[in-house]
């Protein structure tokens with residue numbers, strides 16, 4: 001007796017324990033290039049001296065080498081949309097001068113090899129006699145991001161101390177006989193390496209509007225520069241700090257001084273020392289310095305505000321204790337209050353950098369969402385994006401691109417929390433602004449803009465469990481279809497074949513789209529899908545590619561009509577399969593995993609089988625033939641590839657036979673025996689069982705010396721109970 005090929009294999013419950021969701025993490029290679037604080041300072045001194053020799057009258061500018069960064073640099077082009085004063089060629093290093101004669105601080109990349117993260121400190125460029133005192137640079141922004149291993153629903157959370165693997169996965173299931181669907185969550189935030197960029201003289205730091213490189217205006221730190229514009233009697237320069245013999249205890253005492261310049265000296269010293277010495281953070285904490293710095297955020301003097309914000313940013317970096325203490329001292333509320341009322345770009349950079357650092361700790365997320373989200377959205381995100389709904393109450397003041405970058409980095413972390421995700425979806429104008437910014441960048445061919453990555457990761461996170469958490473038109477159609485099916489099936493013992501709800505493919509039309517989507521409606525709109533695919537086809541940034549694929553993966557991960565509709569929209573209407581297939585050729589295993597998981601979700605829908613067979617099947621089978629299996633994502637990649645091949649093979653056995661090779665079959669057999677990749681081994685066993693049951697493909701197995709007894713040995717009684725019952 002000839003047995004027909006298995007169209008479905010194994011019941012729903014067989015997949016209950018499968019681990020199929022994935023997490024987004026930076027590549028291991030990029031995380032291994034850590035440098036010590038001493039090495040960074042030496043590099044900064046060398047670069048400063050080199051520029052001093054060539055341009056003695058120009059202020060020195062910090063330059064940090066780009067060590068394997070996933071960014072090409074921090075010089076990003078911005079078109080003039082949204083706000084007329086936005087820079088069209090933005091440099092990380094803004095021009096600035098110390099109004100008291102001593103150097104201000106520069107944002108400097110700090111790479112932590114052990115904790116798998118990129119982030120930035122605020123560092124003093126010139127401190128002590130060994131540094132040339134010729135330049136003053138403005139404070140940079142910071143981020144403090146990493147990952148947590150054990151987190152509900154396989155979402156990566158930004159905890160500071162974690163297992164390098166940093167993943168936990170929990171599958172949600174598709175229909176009977178199909179691979180479990182895969183929800184993705186990407187939250188991790190990164191900062192890139194930094195390069196010095198020239199500026200034209202006389203251009204305000206946050207208002208540059210030329211695309212050509214511009215030069216930093218020459219500045220000099222003289223001993224008689226005033227403390228602030230209104231306090232000419234208070235003067236200080238770097239020599240005063242240099243000769244003061246400051247220590248951490250004395251700097252903390254300075255914070256309580258009635259003299260504002262002493263307050264600033266103490267804060268700047270703490271900021272600088274915490275960049276160099278991790279132990280200084282604990283010392284400041286023990287001396288009660290955090291409380292005093294929080295109090296200084298209320299100072300009427302902007303220089304003191306900036307110094308205090310920069311010191312707090314460095315203090316909380318990589319220190320959960322200091323983060324919690326900052327919250328306990330009401331630091332979050334004070335920082336948000338200052339951000340709401342300040343008009344200083346440099347203070348905004350420091351504050352948004354501080355909030356970004358704080359957002360990496362779970363315990364602070366709820367308060368940050370309640371306190372910081374409204375200010376970040378209304379004062380930074382919405383104004384900078386250019387989106388407008390006619391609400392004149394929102395701020396339309398110029399926003400610096402770096403402030404926007406920091407704000408989106410903070411939201412990138414906050415969107416990983418359940419309460420944050422729901423609040424952001426419901427916040428008027430937020431999703432619209434993020435989508436508008438991404439679309440504008442794609443239209444302007446700025447797909448590798450550093451803020452695009454943050455925006456895409458926020459949109460990726462907001463699409464997580466969208467079908468279950470947000471009332472969509474798909475859910476209403478499903479509800480109507482189920483009711484209609486129930487009514488018809490209750491009238492008799494037989495029902496029309498067209499009324500059956502098989503494999504979640506319901507006989508009902510797809511919902512009509514809103515011509516002008518708003519809020520969460522954007523997340524599943526065809527314009528958003530088109531934007532993701534265009535970005536996927538143009539961007540060279542791995543993290544951006546992964547976020548695009550992850551957002552689409554979330555949209556196709558449900559068990560209902562939305563998954564089918566989104567899959568058909570991606571594969572048929574928008575013709576996005578070639579872009580997804582390109583991801584499988586990436587040298588970054590995170591990107592490959594995202595693409596393979598997305599294809600696995602889409603392969604559950606028979607309407608796509610033919611087009612997937614011609615456009616992606618060869619690439620997927622190549623994964624099973626040539627994938628080395630030596631990356632942390634290999635198990636996920638191979639499991640997804642097995643499920644995709646299995647689903648397509650059931651509809652297209654003849655085409656599958658053309659692409660199956662002896663080496664691929666051998667790899668699948670070897671994968672079944674793998675004890676280190678249980679999920680991939682289970683997927684390979686199911687694929688083998690379907691191959692054996694197919695008359696077109698059984699011969700390939702026999703040519704490799706494979707027989708039915710070997711299949712039973714490899715698969716085991718539990719995983720092949722449905723298969724063996726057919727013989």
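Each Cβ is built from the backbone N, Cα and C atoms, and glycine gets one as well.
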If you look at how Swiss-Prot annotates this chain, which of 48-69, 290-311 comes out as region 'Disordered'? 48-69
Which residue counts does DSSP yield for the repeat 'ARM 8' (584-629) in the helix, strand and coil classes, in that order? 34 helix, 0 strand, 12 coil
Same-chain residues near the repeat 'ARM 6' (505-536), Cβ under 8 Å, at least 6 residues beyond its ends: 425-426, 428, 431-432, 435, 438-439, 442, 447, 452, 456, 459, 462-463, 466, 470, 472-474, 476-478, 480-481, 484-485, 498-499, 544-545, 548-549, 551-552, 555, 561-562, 564-566, 568-570, 573-574, 576, 579-580, 582-583, 605-607
